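As recorded in Swiss-Prot:
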ACT_SITE  442  active site, proton acceptor
BINDING   106, 110, 127, 283  Fe cation binding site
BINDING   127, 128, 129, 130, 131, 159, 172, 176, 255  L-threonylcarbamoyladenylate binding site
BINDING   338, 339, 340, 341, 342, 343, 344, 345, 346, 355  ATP binding site
DOMAIN    331-525  domain 'Protein kinase'
REGION    1-322  region 'Kae1'
């Protein structure tokens, strides 16, 4: 039986693109919108799409030649005016040809074209584009978001910095070129568990040029800092899930330095890394056509009447009907066997744990040394303060600038054995931690151990001594994301955690409300 042939239409933001996919890519035609000055204006981008749509579609259909079996289009997320042009074009064409219509999630399409090209079965995916920066993995029918930007997408941060210095759009490739002649200067490095924030980094980069630092040095340091943040959270997802494949997708992923850094991280961990070629990295019709094809084969078409665009369509809202595997993940009840986490190696003796923070080959040495020393000191201070506050934590035996010797805890790591009892226990412990004026910073189930009928916390490298509500909310957000991405009953576990948290901490309700606000920030921006 011949392969189905699907026409895909991409039009979420800056590029109007159409492609036909069968067994392989048949053809791809694009007409990108380039603003004369500044960034992308949604109305002007939509006007551009409307003016080029007929020509782009005609070229794709003429080159494809044979009959089209379905029309797929990017239904969201994206800029509303641009999405509506693509959707109207797709509906009209589907009706004219008498073929099914398929609404494709733009972010998931980036993931699927990456899986198709690399042949990786179940990877962790770093998706870095203008408006989106996410770390994703598949579990039980959905792409789960392990971490994402809490303010601005990486590509938009690069573009805004470039525009502030009168560089043309898009700014990323120009920054990449200028960075090749630069040297490292310190800029803010903001990782919150597996989440990221780029606005402070962007502002600091602007200030650095204003005080006389060269553009080459600032571009180099902006890239090195932002990319190291992305690679770190990707490694955290690898370490937490036990997966062994990484794919880089999205327009920013075309950057050679980001690819080099991810490849180095994976080499050090014994994981595999690949990125699709440049033609599949930025927004393109091929990814919509391919994802539309596998959705068609799974029966996931959409009636015309229900094909309303969704500018805020999240990756984790998509029912992935075309994948029949559950997604590889650590099995419940499995014992901890790994002696290397995302940041450190762990050596066990009869009574002690020796935690050694490892140099990262993907980070520039100056940044790497700074983070290792800073996080080792922060961890030792936080554990000692938490213990004084009555929080269940291991006893510190000795500390150097890169190593901590602490009490060995015999018990189960919660990521393998999480249940309602343990979730409530985690809530009690975190409530005590916040009451003591400490936030953890990396509150995942990898960093919780059930020991002596209580939940103990470990790995305080991202901790803060603070009573501010924002970092407390981030703690809860990181944990809730972890539960959503790695458990089958996250709502039940979150409810149990909240019960324990409220019992231990009088300000719990305010923090829970802040966590919800933080959750709403992690959207298409």
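Quick reminder: no glycine exception, Cβ is built from N, Cα and C everywhere.
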Cα proximity to residue 346 (ATP binding site), best match among recorded positions 106, 129, 131, 255, 442: 442
Within the predicted model, mean pLDDT of the domain 'Protein kinase' (331-525): 93
Among 106, 110, 340, which are binding-site residues, the residue with the most C-beta atoms within 10 angstroms of its C-beta: 110
In three-state DSSP terms, the structure that residue 129 (L-threonylcarbamoyladenylate binding site) belongs to: coil
CB-centroid shell, 8 A cutoff, Fe cation site 106, 110, 127, 283, site residues removed: 12, 107, 109, 111, 129, 132, 249, 250, 251, 287
Around the Cβ of the residue listed as 'active site, proton acceptor', the count of other Cβ atoms that are within 10 Å: 26
Pairwise Cα distance maximum in Å, L-threonylcarbamoyladenylate-binding residues per record: 127, 128, 129, 130, 131, 159, 172, 176, 255: 18
Among 131, 342, 344, 346, the one of these binding-site residues whose Cβ has the fewest neighbouring Cβ atoms within 10 Å: 346
From binding-site residues 106, 340, 344, the one whose Cα lies nearest residue 129 (L-threonylcarbamoyladenylate binding site): 106
Between residue 340 (ATP binding site) and residue 283 (Fe cation binding site): CA-CA distance (Å): 36
Cβ packing number for residue 127 (Fe cation binding site), 10 Å threshold: 28
Residue from 172, 255, 342, 442 whose C-alpha is spatially nearest that of residue 110 (Fe cation binding site), among the recorded positions: 255
Same chain, 6+ residues apart, C-beta under 8 Å of the C-beta of residue 172 (L-threonylcarbamoyladenylate binding site), given in sequence order: 155, 158, 159, 162, 251, 252, 255
Cα-to-Cα gap, residue 106 (Fe cation binding site) vs residue 340 (ATP binding site), nearest whole Å: 35
Number of Cβ atoms other than its own within 10 Å, given for residue 255 (L-threonylcarbamoyladenylate binding site): 24
